[in-house]
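Swiss-Prot annotations:
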{"type": "ACT_SITE", "residues": "D222", "note": "active site, proton acceptor"}
{"type": "BINDING", "residues": "L107, G108, E109, G110, S111, Y112, A113, T114, V115, K130", "note": "ATP binding site"}
{"type": "COMPBIAS", "residues": "75-92", "note": "compositional bias 'Polar residues'"}
{"type": "DOMAIN", "residues": "101-385", "note": "domain 'Protein kinase'"}
Amino acid sequence: MCDMIESQPAQKIGKMKKLRRTLSDSFSRIALKKDENAIDEICVTKMSTRNCQGIDSVIKHLDPIPEDKKVRVQRTQSSFDPFEKTSNQPTSPKFGKADSYEKLEKLGEGSYATVFKGKSKVNGKLVALKVIRLQEEEGTPFTAIREASLLKGLKHANIVLLHDIIHTKETLTLVFEYVHTDLCQYMDKHPGGLNPENVKLFLFQLLRGLSYIHQGHILHRDLKPQNLLISDTGELKLADFGLARAKSVPSHTYSNEVVTLWYRPPDVLLGSTDYSTCLDMWGVGCIFVEMIQGVAAFPGMKDIQDQLERIFLILGTPIEETWPAVHSLPHFEPERFTLYGPKNLRQAWNKLSYVNHAEDLASKLLQCFPKNRLSAQAALNHDYFSDLPPRLWELSDMSSIFTVPNVKLQPEAGESMRVFGKNNSFSKSLSNSKH
């Protein structure tokens with residue numbers, strides 16, 4: 001089942017501002033290093049999720065921070081490096097420099113970030129530039145620090161690659177691989193439910209990426225179709241780690257204001273902050289149903305109360321026998337909810353019955369009681385995937401599932417396969433983060 005990740009104690013606002021200011025300074029100083037290798041090590045406070053080591057002389061300017069609070073986040077390696085030089089190219093701008101990229105059209109804008117399509121001046125390859133505006137008093141937004149630090153340590157075919165970090169006085173720019181579309185756009189383009197074989201491949205990739213980060217004690221916390229990027233070859237990649245949380249990442253508290261309402265689990269809706277990997281697995285179940293059925297599983301129209309009613313109408317209103325200690329949750333008031341019994345999922349989403357083992361898998365993901373939800377690794381071993389080639393379970397982290405012979409997306413209803421289109425998903429998945 002799911003793994004628990006303990007909440008961190010609340011931090012005082014003053015201390016958090018000081019921390020953000022210090023980390024902002026560290027980004028700035030690293031960005032100004034003359035040694036191009038210096039940018040490969042970003043010093044952050046309590047943010048690494050793997051391969052933590054001591055801090056060397058490259059970043060001695062952070063000595064005021066206690067040694068036990070310092071960790072290193074390694075630069076992600078990938079098959080595509082925007083600074084990979086071809087033989088006929090002259091010396092180009094350094095790693096971590098703004099003039100290494102050309103901004104193309106704007107793709108999207110959020111409260112604190114604007115996303116541009118960009119191009120590496122070294123080799124002409126496309127990138128996505130997430131430009132985060134900095135405020136003098138606040139420094140680098142904490143969610144930006146979190147996203148950058150986590151992604152720098154993640155190496156997986158189903159996680160969007162962070163290639164570069166550029167820090168100036170006014171902005172922090174995260175340079176991502178360019179991905180053509182996202183699952184939300186893909187489903188909009190193919191209404192009525194996706195090809196069942198494609199659903200299986202998308203879900204398998206989603207679970208691969210989640211299993212990887214969960215093993216590193218990282219929660220994504222904002223799973224939704226807009227945050228699942230899809231390349232022109234069909235690779236699905238987890239994106240927008242602005243709300244992601246590592247076990248060692250400090251914060252004011254674990255907020256329950258995470259995950260778009262439709263994909264938010266009932267325990268979080270009821271005020272629980274005792275998060276585990278189960279939080280993400282509820283989102284997986286919602287996305288799975290949506291891909292098959294062609295409509296959102298629980299499309300609440302009003303508020304949290306309405307969202308919970310939609311969930312309980314299908315899964316049953318929780319009681320102590322089905323959800324131990326549910327009455328202890330901050331927002332659980334039994335008198336507010338109609339008492340429903342659980343239904344077979346096919347009664348609500350009939351297309352689940354068309355695919356072998358789909359209803360069973362969905363039912364094991366969409367469990368109101370968090371501890372009853374399947375883990376990502378357990379879901380990968382479900383019978384629903386039994387007809388896929390065994391080699392898929394033997395792939396290395398950085399290997400795409402499409403390297404396995406005969407694994408490919410199938411045409412959607414009424415269409416032959418083609419490149420998904422030019423619309424880039426970063427306009428939603430990156431600029432709509434909490435930065």
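Including glycine, each Cβ sits where the backbone N, Cα and C put it.
Keep in mind that what you see is a predicted model, and the values were worked out from it rather than measured.
Structural mapping of features recorded in Swiss-Prot.
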| residue | record | Cβ within 10 Å |
| --- | --- | --- |
| L107 | ATP binding site | 22 |
| E109 | ATP binding site | 14 |
| A113 | ATP binding site | 26 |
| V115 | ATP binding site | 27 |
| D222 | active site, proton acceptor | 26 |
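According to DSSP, L107 (ATP binding site) is assigned to a strand segment. In the three-state DSSP reading, A113 (ATP binding site) counts as strand.
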